Amino acid sequence: MDQNAKGVRNAYLTMLFDGLCVSSASVILPLLKEHHNLSYNLSGLLLALLSVGNLASALICGFLPRRWGVRRTMLLFTSGLFLGYLLLTVSGSPALLLLSFLLIGLGKGSTMNNATVITGAAAKDRTKSVNLINALFAIGSLSAPFLYLACSGRLFWQVPIVLLSVSGGIVWLLFFFIKRNAPQQAKPQKDDLSFLRDKHFWFSTAFLFCQQCAEISVTGWLVTYFKDQGILSGVFSEFTVTVIWFAMLVGRLIIAFVLPQNSRLRSLVLMSACAIVTYALLLTATSGIMAIIALFLFGFSMSGTYPTSIAQANKSLSNASVGVLLPVAGIGAVVMPYITGAVAQHIGIQGGMACSLVALCVMLLFALLLRRDSGAAAP
């Protein structure tokens, strides 16, 4: 196996462990809250710093490599997963906890950014490549609750956190063994910002902004919504995140291996429309069975929107273009959960969740603009 192939293989594997580490952050939060007596305000701030770190990392890793080198930048920021979880086992100091979650967010964003560039540079079909790395991320995310359950009740409550730190260390080692002639090093990076004048790129960024608004807000508030509405309770409500990630995994695998490459723009329009319908069904569901079915369909509808929109952003993915695309779009992941909470505080949780429906409608609008902008080249 040549060095390029090994680099791509390692990049795929990093996404598996990245999904496990990042999704586990929300799973272990109740554990930290219990043992360190954290307030709801501090708990919310920890989750916010996770998104801030992810956003900041994508921006920094997009432009710092030109000054400092791709390899050194990659190894510095991907160490965040290992160091962040390691610090969580040391102390319950609020400052240290905040630093830990910021490092985890930095590690997550750096891993996603580098894996996207490495695999995208070597892939003949970028949509298939990006869907595959996101499918592996979903598999890792599905494993998070089961890791926690397997380790619960052990001698030390820090056991799952230590295992997550080890997983973060594996991510760093996988990147360490990607040689300098890996895919992202095959061609010298040029200081080319021409993509900033590309209307299609900004349509893709706006689409992804709305997608992140909806996905992150829905997954973040899902358990609270089901509990407060009395639709699901106990263990069932806590595993609803597993349902949506499983649906996304199925959808991304289908898109990667079944969907024709020339139907990507049409798929974005169809997926956006289906997401609106299924989310409306979710908000109107009154029984647990109906809610789970609607949730699965919503996750399936949303599954390909993120990777397909990234693949459509530019004719060639680069550190710079991804470094603009992901942070700008990631603002939605930071802002919308707060908007949902603020609206819920005044008119109830269902009203807050309805804010994501607005984001989905705007997402459909930009999907239509993307297809129209492609003109005769659109499928």
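The backbone N, Cα and C atoms fix where each Cβ goes, and this holds for glycine too.
Copied over from TrEMBL:
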- 7-375: domain 'Major facilitator superfamily (MFS) profile' (DOMAIN)
- 12-32: transmembrane segment (TRANSMEM)
- 44-65: transmembrane segment (TRANSMEM)
- 85-106: transmembrane segment (TRANSMEM)
- 132-150: transmembrane segment (TRANSMEM)
- 156-179: transmembrane segment (TRANSMEM)
- 243-260: transmembrane segment (TRANSMEM)
- 267-300: transmembrane segment (TRANSMEM)
- 320-339: transmembrane segment (TRANSMEM)
- 351-370: transmembrane segment (TRANSMEM)
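For the transmembrane segment (12-32), same-chain residues at least 6 beyond its ends with a Cβ under 8 Å from one of its own Cβ atoms are 38, 43, 46-47, 50, 78, 81, 85, 88, 92, 97, 101, 104, 107-108, 111-112, 114-115, 119, 132-134, 136-145, 147-148, 157, 160-161, 164, 167-168, 170-171, 174-175, 220, 241, 245. The domain 'Major facilitator superfamily (MFS) profile' (7-375) scores a mean pLDDT of 80 in the predicted structure.
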